[in-house]
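Accompanying notes for the structure given below.
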Amino acid sequence: MGRRRRFTQQSTSDDDDDKAAAEPPKTAKPAVPSSSGAKKQPRRHADEEEDEDEEDELELEDEEDDEKDLEEMRRNEEEERREETRTRRRRGRKPKRAVEESDEEPEEKKAESDEEEEEEVREEDSTEAVPVGDPVKVTGKGKKQRKHYASFEYEGNTFELEDPVLLTPEQKNEKPYVAIIKDITEYDGSLSVTGQWFYRPEEADKKGGGNWTASDTRELFYSFHIDDVPAESVMHKCVVHFIPLNKKIPSRKEHPGFIVQKVYDTVAKKLWNLTDKDYEDNKQHEIDLLVKKTMDRIGELPDREPTDTPGDNTDQFPNKRGLRKRPMNPIDVSRDATGKSEHFVKPETPGSDNLKHYAILAKFKVLTTATYRDKWLDKLLDTIPLTSNEGAGAAHADPVSVAKISNNGSSALDTSSVDNENSYAPDVVVSIMASLEKSTYDSLGSDFQKYNQKMRKLEFNIKNSPVLRTRLMNKELDPPVLLTMSPAELKAGLTPAEKTSEPEESRRLQMTDARCERCTEKKVGISDIIHAGHGDRYQLECISCGHTWFSSRDAISSLTVDAPSTGGNVGTAPWATAKFDVLQKQLASPRDQPDNKPGTDALQKSTAPSMPKLEKQKSFTKPKPEEPSAPTLEKQISFTKSKLDEPFVPTTLIKQKSFPKPKSQEPSARSADHE
């Protein structure tokens, strides 16, 4: 029976069937002796039939058990395959080919396994980033060749240039990175993305240590840091709003997304305002473009009051100037109200906030919703005299001024005509000042301190510079031009182009015989004298090369005057020569000379020393009581006068020159006596 069970179980081969057919006669031999074989023949057949029935039942049971075992094995194999594919998908590895199944596996299950393999291949293909379209440019050659694309596709999503995206962080506990796609490159078969990074406040380091605290959970810091990452690290797109500091932040429900109001300097580790105008030209254009895109997407945002503007949390210094004091109402201390203008609005007027020209500003509809802007408009309007104010002042003039005007007559008419020329119509003044304030607010409105400083500077220069005020009112200067002018240019009332084109005024310099240290030319003059405690210092300037330096008084030996090219020679006139002599003596010993001496005194003083010297020489060389003849004395006087044109000579040298002359006359006198 054991052999027959084994035969029924292994019925898959034809050779086994042949062997099994030959085996039954061997096992069918009777075990009893031959003597009793004939009697028990029918009984044996009955027993064999019963045994065969039992064996058939057992074989059926065994076959059913075997089929159950096979089905269970197949289920286990399918579960193992599915688990393996799941783990491979999570790890991102390519799945292995399915193990070949036996011939007994049904065709339906084979088809299902083929479909699963195709899906796995599709999923594997979708995990790789693929560029879209042709490359926009190619850089490098050979192995270093790089292809640049405008977009790429990854996991069914398409990403383009300038798209803000989230990137996979390095650590699982970190938040996703945020960047703007600036370039898409393919190198050596792999696709990479160049991103310009954003920083979260808790990720940005301070210069002195630590991190910044976020004013909003959505806040990010913009930066100019650029780095390359694999294209597969891109998760999905996001929205970033660039909001100036003077605008209110939109609500999270209406406009979800990140908020950027600061720029993080990764090198200096400092923060800058988004709307500062101190960036480089290309970076400034980039920031302005991002702000413009935000405004086009979400619309115009309402202004934020300066007191609500968050202070700069940079580590540069504590911003004490940002704490503005509440302005106090001006107190009127005048005894009478006769000289007041009729346009001055009372403090109890609603909405005026003590503006002097509130009625004019309201009439021409230039008032803004911001109080501080209206105050600056009122101050600018107060710098220009208005024709209506002039008439009002004349109507409310006091009797004393009227009496003075009647007594002066024509002089009063002249002054009134000058005032009328300098006064302007209110509509002209209001339009110009409103344009000036608006241009200042558009450029510096995000920073209240810079706006306040610029308005104070403009108000001061317009009030104190008649040239600037006249040119501005005559529309020779546009209001936006005043924002680019320096304090010196505002004071002169000239633009940079006009100031450079203006010819320089010729200067008269006291020239010296010193030599320039740079060009070694003898064209050095004194441009300035600095009076110090121990001695005067002289600032010398070379006319040839423009080099300037400081020197002591000892370095100056002689002085001349550098006259303009159009004038004549200054040293030819006798009085000018006398003045130069005085200057020489003053420079030689400035403390010995009196302050105010006319030129005639200097001439007499220069000629006086020669006379007593001649008398001393006469008395010293006089052998007899005879005096020198008149012609000799006249020659000596003319000789000393002619020396005025020469440089200053010490007195000892004059004595030596005048000493030999009386000696030349002594032999002639003695010879006359002998004769």
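Placed from the backbone N, Cα and C atoms, the Cβ positions cover glycine too.
Swiss-Prot has this to say about the protein:
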type: COMPBIAS; residues: 48-70; note: compositional bias 'Acidic residues'
type: COMPBIAS; residues: 71-86; note: compositional bias 'Basic and acidic residues'
type: COMPBIAS; residues: 87-96; note: compositional bias 'Basic residues'
type: COMPBIAS; residues: 113-127; note: compositional bias 'Acidic residues'
type: COMPBIAS; residues: 333-346; note: compositional bias 'Basic and acidic residues'
type: COMPBIAS; residues: 499-512; note: compositional bias 'Basic and acidic residues'
type: COMPBIAS; residues: 613-627; note: compositional bias 'Basic and acidic residues'
type: MOTIF; residues: 73-80; note: motif 'Nuclear localization signal'
Would you mind giving the whole-number mean pLDDT across the motif 'Nuclear localization signal' (73-80)?
83
Tally of DSSP helical, extended and coil residues in the compositional bias 'Basic and acidic residues' (71-86):
16 helix, 0 strand, 0 coil
Number of helical, extended and coil residues in the compositional bias 'Acidic residues' (48-70), per DSSP:
23 helix, 0 strand, 0 coil
